[in-house]
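Visitor: Pulled the feature table from TrEMBL, pasting it below:
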type	residues	note
DOMAIN	62-401	domain 'Amidohydrolase-related'
BINDING	Glu143, His211, His232	Zn(2+) binding site
BINDING	Ala154, Asn235, Ala236, Arg243, His272, Leu328, Ser329, Gly330	substrate binding site
ACT_SITE	Asp294	active site, proton donor/acceptor
Amino acid sequence: MPSNKSVSDAPIVQFTNCRILRDHQLQREDLWVREGKILNPEKLFFDEKGSADVQLDCKDSIIAPGFIDVQINGGFGVDFSLATDDFKSGIDLVSQKILSHGVTSFCPTLVTSPPSVYHQILPQISVRNGGAHGAGILGAHLEGPFISKEKKGAHPEHCLRTFEAGAFQDLLATYGSLDCVQIVTLAPEMRRSSEVIQELTSRGICVSLGHSVANLSQAEEAVQHGATFITHLFNAMLPFHHRDPGIVGLLTSDKIPAGRRVFYGMISDGIHTNPAALRIAHRAHPKGLVLVTDAIAGMGLAPGRHTLGQQVVEIDGLNTYIAGTKTLSGSVATMDTCVRHFQEATGCSVETALEAASLHPAQLLGIEHKKGTLNYDSDADFLMLNDNLYVQATYIAGEEVWRQDASGM
C-alpha cells in the first residue's frame, strides 16, 4: 500500500502480534502510532491511503495504557516534601526511575509541612509531558495540612491547620500558590470546609477526603460540594461501623449527585490493607478503585532510616513506620507490584487490574480523553507487559523510554 505523505511526514509505527487493552478487553489487534498519538487504522487506510513505515513485533505482549500514580511522596532517596536546592534534579530522578515500573505520569505528593516548605517547593513543580527524561508530571497532590489530628497518621501534628479564620484564604496563604496543584486532600468535618471544597473544585482542582474522622453525612455533603476522591481508603479514617460507615460508606451511598462517580485510592501493597478489605472495596465499587503507591523516599532503597517530610521513618522489610513507633508511613511499593497484588488478592481480570492503575486515575483527573486508554487520538503512552503483568517496555508519546534488558534488569 503506498504511503501518503500529504497528511503528515511523521513516520507511522505499527505494533503487531499483541493484545491491546481497549474497551475494557484485551483485543488481538495492531496498535498504530504517529506523532505521539494513537491512530485509527481505518482512517489511515481509507482516507489517507497510508501504511506503516515501521513494523514492530511485540511477541504476543499485552499492550496497556501507561500507569498513572496520583499519590507518590518520593522514591530512590528523594523526598518531595523536603525543600532542597536541587529539588528539580530530585523530581527528575524519580520521574526517570518510575518508568521501569510502568508509570508514565504522576502527581508528586507533599505531606503536611510548614507553609515555608510549600512556598519553596511548589514553584519548582511544573506540569510537563513525559518522555525519555521521565514520566510526565500532572500537578502536585497536597495531602494536608488541613486534616484531623486524631487521624494524622505520619503527618506532624505541629504543622496541622484549620480553615476557621479565613477558610480559602487560609489555604492560599499556606500553600502560596495553586498554579501547579492537581489534588488537595483535606478532612471534610472541618468547619468551613464546604466553601473551601467549592472554591477548589471551581478552579479545576480535585478534592480528596482523607486523614479524617468524618461521619457519612459529612462525607456526603463534601461530595455534594464537589469532592470526588478518597485518599487511601480504610487508612487514616474511622473504621467501618454498620450504623455510620463513615467515609467508607461513600462507596455505596445513594446521596452521590447524578452523573458523578466517587473514586478511592488504595495502597495495594499487602500491608496497608488486608486482602479481604481490598476485595470488599473492589466488589462494592469496582469502577471507583484507583491504585496508588503512596511511595516514600525509601522506595527502591535498602531498609533503614529515611524521611517523609518532617518525620524520620524506618523501613523494615516492606513495612514503613515513623521511627520508634508502629504508625505506618507511606509505602515502598512500586506501581507494577501494586497491580499484580491487586489482581492476585481480588481474583479480578487482567483488564480490571490494569485499568485501576490507568483508566480510573485518568477519569478521576478528567484527562481520560488523553491518557489512561488506548483510544484513537489519545496520547501513545503505553506499556508492554507479559502475562504475569511484569513490565517489559514503557513508551511515552510512542517512543520507547525504558526496556528490560536481556539480563532481566
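Even glycines carry a Cβ here, placed using N, Cα and C.
Could you give the neighbours, burial and distances for every feature on this list?
Guide: Per-residue pLDDT, averaged along the domain 'Amidohydrolase-related' (62-401), amounts to 96 for this model.
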Visitor: Expressed to the nearest Å, what is the distance separating Gly330 (substrate binding site) and His211 (Zn(2+) binding site) at their Cα atoms?
Guide: 13
Visitor: Which of His211, His232, Arg243, His272 (the binding-site residues) has the most other Cβ atoms within 10 Å?
Guide: His211
Visitor: In the structure shown, which of the binding-site residues Ala154, Ala236, Leu328 has the fewest Cβ neighbours within 10 Å?
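Guide: So among Ala154, Ala236, Leu328, the binding-site residues given, the one with the fewest Cβ atoms within 10 Å is Leu328.
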Visitor: Fill in the CA-CA distance, Asp294 (active site, proton donor/acceptor) to His232 (Zn(2+) binding site), as an integer in Å.
Guide: 8
